[in-house]
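Colleague: Attaching a single structure in structure tokens format; questions to follow.
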Amino acid sequence: MTDQTAASPRVLVTGGAGYIGSHVLHALTDAGIPAVTIDDLSAGRREAIPAAVPLVEGDIGSAELLDRVMRDHRVDAVMHFAGSIVVPESVVKPLDYYRNNTANSLTLLGACLRAGIDKVVFSSTAAVYGAPESVPIREDAPTVPINPYGASKLMTEQMLRDAGAAHGLRSVILRYFNVAGADPAGRTGQATPVATHLIKVACQALLGRRPPLAIFGTDYDTPDGTCIRDYIHVSDLADAHVLALLHLRRGGGSLLMNCGYGRGASVREVVRTLEEVSGEQVPATFADRRPGDPPQLVAGADRIREQLGWVPKHDRLDGIVRSALSWERSLEQSVGQAGAPGGSASRS
């Protein structure tokens, strides 16, 4: 670390040992942007964090810890990933989600105000839309979440808006669609032991690390009868976060935008692409629809391109699948898989 880097303001990344947080830390490091991360490592992986990034092991629910880190590392902006993200779990453990995702975000925003930090990039979700009336889903679509996970994220969005109106805090809220894939250089990826994301689950089934892939519903009103989702490569998502940070550091105002490509792929398309990439057959079974699964979830993606100048580099489905499969194969050679998709600075 150079003296100049040590003296530069840092961006605080919460949950930097998790799936998305670690990719963003690598993107920041690649761009020469100093960062520090807080993660309690309850689900994140220490080795996913770039060597140049200081790790403070702890819980973002601690106001004292946040105050100290923001002061000691001269933090001027925050990227907030830490939290709980499993939709079915949120239904059976709703209060855990309101604590980890909403109450801890309140603690974080309070620390920002005390430290005079007025720039926040927030990891939100398309789950705030609930069951959309039409696709593609634009940012002005109704927000009617149908599970505590989506509701907990929407509450944090509202806190950011209110803090902006009252205190001048500026934020970029990024609503993710279906994040998938892994760092093309193999530095990090999704290492969740019990995965629920389709592409990761399909790769694990292909490699014999879990039972055959269950395809839920083949009678949807889609071209091949299976659900369609907008899959975005995690490295493109990480680049969007860097652009959002630079926008705020240039004095830009608050933004709300979807993170997706504006086009979707069906479950059958994902499976077929994985088979083409691997040259092997994915073991799969067919099951009834899952309650609450919309036929299509596709982002309206014009705003992020227009307002941040975001240009995806990894938007081919075969590239997303290939990077995910390569990462899964690398995990076969390692011991233990303690990772998290969204970060783990506070997680039940």
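Glycine too: its Cβ is placed from the backbone N, Cα and C atoms.
Residues or ranges marked as active site, proton acceptor by Swiss-Prot: Y149. Taken from Swiss-Prot, the feature substrate binding site covers T125.
Can you tell me where each of these features sits in this structure?
Modeller: Taken residue by residue with DSSP, Y149 (active site, proton acceptor) is part of a helix. Within the same chain, residues at least six positions away from Y149 (active site, proton acceptor) with a Cβ under 8 Å of its Cβ are S84, I85, V86, V87, S90, Y97, N101, T125, A127.
Secondary structure from DSSP puts T125 (substrate binding site) in a beta strand.
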Colleague: Within 10 angstroms of the C-beta of T125 (substrate binding site), what count of other C-beta atoms is obtained when all protein chains are considered?
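Modeller: Its Cβ has 24 other Cβ atoms within 10 Å.
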